[in-house]
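Quick look at what Swiss-Prot lists:
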{"type": "DOMAIN", "residues": "5-70", "note": "domain 'J'"}
{"type": "ZN_FING", "residues": "137-215", "note": "zinc finger"}
{"type": "REPEAT", "residues": "150-157", "note": "repeat 'CXXCXGXG motif'"}
{"type": "BINDING", "residues": "C150, C153, C203, C206", "note": "Zn(2+) 1 binding site"}
{"type": "REPEAT", "residues": "167-174", "note": "repeat 'CXXCXGXG motif'"}
{"type": "BINDING", "residues": "C167, C170, C189, C192", "note": "Zn(2+) 2 binding site"}
{"type": "REPEAT", "residues": "189-196", "note": "repeat 'CXXCXGXG motif'"}
{"type": "REPEAT", "residues": "203-210", "note": "repeat 'CXXCXGXG motif'"}
Amino acid sequence: MSKQDYYKTLGVTQSSDEREIKRAYKKLAMKYHPDRNPGNKNSEEKFKTIKEAYEILIDPKKRTAYDQYGHSAFEQGNSTGNNNTFTHSFSSNSDFSDIFGDVFGDIFGGTRKQKSERQGSDLRYDMTLTLEEAVRGTIKEIKIPTLQKCPTCYGYGTKTGTKPQFCPTCRGNGQIQMRKGFFTVQQTCPQCHGEGNFIRDPCRRCHGNGRIEISKTLSVKVPPGVDTNDKIRLNNEGEAGENGAMAGNLYVQINVKKHPIFEREENNLYCEVPISFSMAALGGEIEVPTLDGKVKLKIPCETQSGKLLRIRGRGVKSIRNNNRQGDLLCRIIVETPVNLNDLQKDLLYKLGESFNGFKGEKNSPKSKRFFEGVKRFFDDLTR
């Protein structure tokens with residue numbers, strides 16, 4: 001029984017281009033696929049014929065041989081005199097993933113299974129800032145080692161003027177089918193490692209990798225208000241992708257150094273302010289530091305050690321809302337005088353006596369409560 005002309009099988013002509021052949025195959029394959037026509041032997045045979053025609057006409061070498069010698073170009077032991085004869089076997093054991101992979105992928109770019117595009121890896125860079133830099137914002141230059149798209153082969157890994165070779169083992173699918181008893185098992189093609197093609201002539205600069213190692217310098221704009229563990233994302237500044245895929249991102253991890261004066265808690269700053277016991281008792285005014293210079297801080301009379309005094313708007317601007325700014329909280333530390341001379345000691349002794357001794361109820365209410373508590377504690381023990 002003579003075979004039908006492959007062009008007529010697909011409903012195309014000898015002048016039809018690759019795109020028209022793919023569209024025709026897609027339409028017919030979806031119509032006659034065995035999964036859509038279970039138990040229909042005619043559809044199964046029709047699908048097998050359609051697939052056979054497509055696999056010949058989509059391959060430039062096989063199509064040329066068919067145009068010259070017809071079906072005899074693919075028969076074993078043919079006598080056409082052509083040394084470049086083809087042998088080919090066809091199978092109807094194709095599922096819809098074959099059609100979508102071979103046809104839809106081809107129509108929307110590429111020939112059969114292209115070498116996988118893989119997005120580049122993300123990178124991390126640890127940046128240390130002073131508190132002033134973190135609060136005000138800054139611009140830092142950093143140098144990072146990374147992988148960049150090879151400028152010679154544009155990331156494809158092939159020698160100039162060449163292209164990846166179509167894998168003959170899997171016919172560009174990246175998978176091969178092996179029969180084991182009643183089952184058909186798919187496995188990764190051992191020749192192209194699942195890529196569908198392979199590089200016969202690799203680029204000399206990148207040795208076929210498509211990427212080269214470089215060290216690049218970047219300027220990083222740090223916004224005001226960042227804090228330790230914040231991250232700044234630089235899009236597409238990570239490693240270059242493979243086979244034309246997008247590059248990864250670079251994440252700059254912020255670490256703020258400990259400051260000799262200020263401690264930060266979210267948008268508020270804290271500092272310790274030592275004052276004399278006389279100022280703590282009588283009140284007064286003292287200069288305290290801020291990140292923007294010195295300011296006056298009013299000390300109320302009878303201020304106790306550990307009291308927090310707030311200076312509004314002298315903290316850190318919010319990174320999310322620049323109209324909001326934290327406060328500076330001054331923790332008062334009342335210093336006990338040291339290195340006293342005899343006169344000072346005498347004056348302090350007299351001052352203490354004026355308080356009705358060092359347990360004066362009126363002048364030292366906390367001391368009074370403390371010693372009363374101590375007395376009750378020991379009384380309870382002796383009962």
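Any Cβ shown, glycine's included, is placed from N, Cα and C.
For C167 (Zn(2+) 2 binding site), the same-chain residues lying six or more positions away in sequence with a CB closer than 8 A to its CB are G174, C189, Q191, C192, E195, G196, N197, F198. Listed as Cβ neighbours of the repeat 'CXXCXGXG motif' (203-210) (distance under 8 Å, sequence separation of 6 or more from its ends, same chain) are residues 149-153, 155-160, 240, 242-243. On the 0 to 100 pLDDT scale, the repeat 'CXXCXGXG motif' (189-196) averages 81 in the predicted structure. With a 10 A radius on its CB, C189 (Zn(2+) 2 binding site) counts 21 other CB atoms from all the protein chains. Mapped onto DSSP classes, the domain 'J' (5-70) shows 48 helix, 0 strand, 18 coil.
In sequence order, G157, C203, R205, C206, N209, G210, R211, I212 constitute the residues six or more apart from C150 (Zn(2+) 1 binding site) in its chain with CB-CB distances below 8 Å. Summary for the binding-site residues C192, C203, C206: the Cβ-based neighbour count within 10 Å is maximal at C192.
Close to C170 (Zn(2+) 2 binding site) in the fold, though at least 6 residues off in sequence, lie I176, C189, Q191, C192, G196, each with a CB less than 8 Å from its CB. Contacts of C153 (Zn(2+) 1 binding site) defined by a Cβ separation under 8 A and a same-chain sequence distance of 6+ are given as K159, T160, C203, R205, C206, G210, in order along the sequence. Taking the mean position of the Cβ atoms of C150, C153, C203, C206 as the Zn(2+) 1 site, the remaining residues of that chain whose Cβ falls within 8 Å of it are P151, T152, Y154, G155, Y156, G157, T158, P202, R204, R205, H207, G208, N209, G210, R211, I212. DSSP classifies C206 (Zn(2+) 1 binding site) as coil under the three-state reduction.
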